[in-house]
Amino acid sequence: MLIIRNKQDLKEAILEQKKANKTIGYVPTMGFLHEGHMTLVSHARKETDFVVMSVFVNPTQFGPNEDFDAYPRDEAHDAKLAEEGGVDILFVPTVEEIYPTELATKLHVIKRVSVLDGADREGHFDGVVTVLTKLFHLVNPDNAYFGQKDAQQVAVVSGLVEDYFFPINLRIIATVREADGLAKSSRNVYLTEKERKEAPVIHEALQLGRELIESGETNEAKIVQVMTDKINEQPSHENIAYLALYSYPEFTPVTDWTKGIIIAAAVKYSKARLIDNELINVKRR
């Protein structure tokens, strides 16, 4: 596995593979890798000839009161997992490499971001599409791999790829979970022992919501209340940041219960904010 830190070396390495007619699979990450990331790598390994992973904690998607400096980083751990997983190139740029000068232009997301994380984190998704535009141009992948856990991000990135004609096939992979149902996340390390024991209730609540919808329930307030009551059975969380239903991928109010629906949750614990979701009537790509 090659570890590359600058744009020019990456471009040259990618061009060499393109000249050999190799297909490129790309897994963008912010590091502190876990099994969820490696599942994306596994899919890329099976479906493409050459796998590139980036590890870059992107400052432009963090708000002024968010945890950019505290975000967990462990390059040695990431490199070990990436190599064991079959990554061919690990791209680990500095902030200066990706943002060498102040931006002269700005990408602004106007749809799919007025609710959930988009509402709570102003400018977050602008930062996401900005860095992915840069990285997509550098890696020039055939396939790019994302996890369903970040479903709103997936919807936003799908819009980016469609709007700007990126010749990239987005592959959306099911959320990887612990044995007790908790979605794998780099932020799980911040949970106390009691919080970690109780956090799987988020997934349990979402499953309840799914069951209600699939049984024909269309009273949104009732569905949300049942899920809220379930989460509140385990009192270690500080608050429920959101628990809501929307059409997917539009993130507008549900008007047709036979089409794509997302049930999404964000729950705040003492040092971690965990997100999870269930997609209904949605085929993964």
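Including glycine, each Cβ sits where the backbone N, Cα and C put it.
Its Cβ taken as reference, His37 (active site, proton donor) is surrounded by 26 other Cβ atoms within 10 Å in the chains shown. According to Swiss-Prot, the active site, proton donor annotation covers His37.
Residues or ranges marked as ATP binding site in Swiss-Prot: 30-37, 147-150, Val176, 184-187. A C-beta separation below 8 Å, combined with a sequence spacing of at least six in one chain, links Met30 (ATP binding site) to Val55, Phe56, Val57, Asn58, Tyr71, Ser186.
Taken from Swiss-Prot, the feature (R)-pantoate binding site covers Gln61, Gln153. Taking the Cβ of Gln61 ((R)-pantoate binding site) as reference, residues of its chain lying under 8 Å away and at least six apart in sequence are, in sequence order, Gly123, His124, Phe125, Asp126, Gly127, Val128, Val131.
Summarising the annotation, Swiss-Prot assigns beta-alanine binding site to Gln61.
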Closest of Gln148, Gln153, Val176 to His37 (active site, proton donor), Cα positions, binding-site residues only: Val176
Binding-site residues: Leu33, Val176 - member with fewest neighbouring CB atoms within 10 Å: Val176
Three-state secondary structure, Met30 (ATP binding site) (per DSSP): coil
